């Protein structure tokens, strides 16, 4: 990739829509944890820092994927500035929480950096959306659930298995939007497989009495709707935004039961 990717090359990548999508993705990433946490205050300093960090990271990931599709690259000064701002967020997050939580954020930042440096290889791999989904659906939510002193039973994290599977289905779809090597169909199948896992997990929670059969069928319908809604949009950003809204709805229906 020998060309610099610039925001003003496409109207559809204007700052407003990207900021809105990045914000909704950040909320979708943290909703399960907000529902599952107990005995904590909302909108604490660590939570606000995490939201702003996720917004920055989501914008970066969108630009990385769009640049990969166009055979272009975010300029080094712009990405360098992003790294500096991310480092400030991470250091402040460590100061307000624990070193372990901050190291997990650092790992997420390294994953993004590798995607930036090796875009032509890394973004075509199964590993990339897998890691993004693991963080978006599980690890970030665990920050809201686990007390800094780790006073928590591991069973309290089991409901996050659903959000990880749900985010896998979304991330595999998103990855397919930007692939260049003809493997879009393969990642589509990965997405369907992840959705089936999400359905199985939700059915398992229904069997434990966590919610009614009606709620299970509503979740099932919305997961199917996740794919149907894509047929109404052609633009990648619009598709990603619609998927994020559907993800938020599914998470609300599922996690409000706990």
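Every residue gets a Cβ built from N, Cα and C, even glycine.
Features reported for this protein in TrEMBL:
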TRANSMEM  12-36  transmembrane segment
TRANSMEM  42-64  transmembrane segment
TRANSMEM  76-94  transmembrane segment
TRANSMEM  100-117  transmembrane segment
TRANSMEM  126-146  transmembrane segment
TRANSMEM  158-180  transmembrane segment
TRANSMEM  187-207  transmembrane segment
TRANSMEM  213-233  transmembrane segment
TRANSMEM  240-257  transmembrane segment
Residues outside the transmembrane segment (187-207) whose C-beta sits under 8 Å from one of its C-beta atoms, at least 6 past its ends, are 126, 129, 133, 159, 161-162, 165-166, 168-170, 172-173, 175-176, 179, 213, 215-216, 219-220, 223, 226-227, 254, 257
Tertiary contacts of the transmembrane segment (42-64), defined by C-beta under 8 angstroms and 6+ residue spacing from its ends, are 5, 7, 13, 18-19, 21-23, 25-27, 29-30, 34, 74, 79, 82, 85-86, 89-90, 92-93, 96-97, 105, 108-109, 112, 115-116, 119, 123, 132, 140, 143-144, 237, 240
Checking 12-36, 100-117, 126-146 against the transmembrane segment (158-180) for Cβ pairs under 8 Å, the most are found for 126-146
